[in-house]
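Participant: Below is a structure I'd like to ask you about.
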Amino acid sequence: MDNFLKNERCPDSDSPKEECGIFGIYAPGEEVSRIAFFGLFALQHRGQESAGIAVSDGHSIRLHKEMGLVTQVFNEESIRALKGISAIGHTRYSTTGSSVLCNAQPLVGFSSCGPIAVAHNGNLINTSELRNELEAQGCIFETTNDSEVIAQLLARAYRGNIETAMRDVMERIKGAYSLVVLTPDKLLGVRDPCGIRPLCLGRLGNGHYVIASESCALTTVGANYLREVEPGEIISIGKNGLQEIQAIPMHRRATCLLEFIYFARPDSMLYNRTLHTVRRRMGQELAREHPCPGAHVVIPIPDTGTPAALGYAEVSRIPYGEGVIKSRYIQRTFIQPSQRMRDMGARMKYTPLKETLAGRKVVMVDDTIVRGTTTDKLVRMLFEAGAAEVHVRITAPPVKYPCFYGIDMADQDELVAARHSVEEIRQLIGATSLGYLSLQGVLRAIDMGRDNFCRACFDGKYPVPIPQRVKLTKMMLEEPTKRLAHVGTGSEESLLAPSDSEE
Ligand SMILES: O=P(O)(O)OC[C@H]1O[C@H](OP(=O)(O)OP(=O)(O)O)[C@H](O)[C@@H]1O
Ligand SMILES: NC(=O)CC[C@H](N)C(=O)O
Ligand code: SF4
Ligand SMILES: [Mg+2]
């Protein structure tokens, strides 16, 4: 627990964070840890705090994890030391538990039938309840993250059949979870009954299987995309091949809408749609909903705003141009662990191109305004570079409600749209005009109905009800008094939204 004690608490760090990248491979005869490294590298955008790989040699499991980016955590030596037949990996963006080494993943639990490694993307909403119960039974926890509850439950339930044990655990845990699980002889891919976080299955040319958060990681390792892991499903891979098990009934499909808008890489596929195409269409819808007659140029805020700006330019017939250059070496600002770091990140990240901006009426297209950290600095920067007008266009509706399923927006106070109207936000960011794409517009661009998505941060309808009287925060397991609040909460309704549950 040394790392935990040394962690410096940031003033605003009590809110859950974004998400994580997970990867799994079962391929005897292949360099599985090197392939996992490449897979994790492709998933680096999903989490930049720590990375780790666990490898099985058929008998035991070895683990290497460190704080930092994938390329900082692994080198030739550490990859070579991880020899085996199967592997799982993780890139972390903390949502429950500080960003410290003991909370890095994969986590390894020890059962009476051998070791089990777990890597988790998502966030549970009944962590404290389960952890209190396990502690009362004598379980000793080594981390302050929610994922260890899964590892501990699994280790207790495992009596030789990992699929049955996993099903038992799925019946207990609530919230968002996409998992890869490794035992000495099996690899599992698991998705919660709403399929909130993505997870897909692919196959290498030699017939071996890989599982990844996003299809872009399959492409990187040369695997063909087969399909998404279904909500409530366990995919089990071992020496007898692949087994598909509908472990618990699908509740309903509720994949995170923000994965389509921002989180997932544009070259990934979700619901069989390439996200670059979807985002371009969001830009087209935005141009129809919020035109900007008389503007001279449409500029994207790279990277995620780029396809949408192309779409906006196509429909509006306003020329597309590059107005800001993004440093190649900076990471996502939205997924930095503290507000101070996010502020610095935004300033380091962009430089304006005066040639595109000076004297022009500019349409600036970005994907989301979450806290507003990025947008107000950008608008100021464009005016300072000589823009005559700055019209901000956003390919998402205002983010008004917190996310408890693995995204960095648990504190409603941090969300600028929770406290201000669109006109007030326009004034705050100093834009000439401001237009958000409607939920209908987003859904038209994806070409699917609203019932296929979690969109709770936009409309307050949570697909998995949030327990009442519970403040789910990133640090809740590091502050014992907050944990007590989780015991015996009767109602499953949230206090946060006008209409909280979709039940
Ligand atoms: O309102 P805020 O809280 O400031 O966050 C919103 C910004 O954060 C993200 O960009 P980011 O730079 O993280 O990643 P990207 O390069 O993928 O666009 C997002 O694309 C917005 O630009
Ligand atoms: N962003 C995530 O998916 C994080 C997974 C897990 N909740 C953790 O904090 O480690
Ligand atoms: S609340 Fe928002 S960010 Fe969270 S899972 Fe739902 S759509 Fe995604
Ligand atoms: Mg951005």
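Cβ coordinates come from backbone N, Cα and C, glycine included.
Automated prediction, rather than curation, is the source of TrEMBL annotations.
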Participant: Quick check: of Cys200, Cys216, Cys403, which does TrEMBL put in the same [4Fe-4S] cluster site as Cys256, Cys454, Cys457?
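Facilitator: Given Cys256, Cys454, Cys457 bind [4Fe-4S] cluster in TrEMBL, the matching entry from Cys200, Cys216, Cys403 is Cys403.
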Participant: Which of Thr304, Thr306, Thr351 shares the Mg(2+) site with Asp366, Asp367 per TrEMBL?
Facilitator: Thr304
Participant: Give me the Cα-Cα distance between Cys256 ([4Fe-4S] cluster binding site) and Asp366 (Mg(2+) binding site), rounded to a whole Å.
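Facilitator: If we compare the Cα positions of Cys256 ([4Fe-4S] cluster binding site) and Asp366 (Mg(2+) binding site), the gap is 19 Å.
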Participant: An 8 Å radius from the center of the Cys256, Cys403, Cys454, Cys457 Cβ atoms defines the neighbourhood of the [4Fe-4S] cluster site; name the other residues of that chain inside it, in order.
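Facilitator: Same chain, not in Cys256, Cys403, Cys454, Cys457, Cβ within 8 Å: Ile196, Leu257, Leu258, Tyr405, Ile407, Arg455, Ala456.
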Participant: For the domain 'Glutamine amidotransferase type-2' (20-240), would you mind checking the mean pLDDT of the predicted model?
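Facilitator: Computed over the domain 'Glutamine amidotransferase type-2' (20-240), the mean pLDDT is 97 on the 0 to 100 scale.
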Participant: Specify all same-chain residues, apart from the site residues Thr304, Asp366, Asp367, whose Cβ lies within 8 angstroms of the center of the Cβ atoms of the Mg(2+) site, ordered by sequence.
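Facilitator: Leaving out the recorded residues gives Ile261, Tyr262, Pro300, Ile301, Gly305, Ala308, Val365, Thr368, Ile394, Thr395.
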Participant: Output: those recorded positions from Cys20, Thr304, Asp366, Asp367, Cys454, Cys457 whose CB lies less than 6 Å from an atom of ligand 3, in sequence order; none if no residue fits.
Facilitator: Cys454, Cys457
Participant: Checking the recorded positions Cys20, Asp366, Asp367, Cys457: which ones have Cβ within under 6 Å of ligand 2?
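Facilitator: Passing the 6 Å Cβ check against ligand 2: Cys20.
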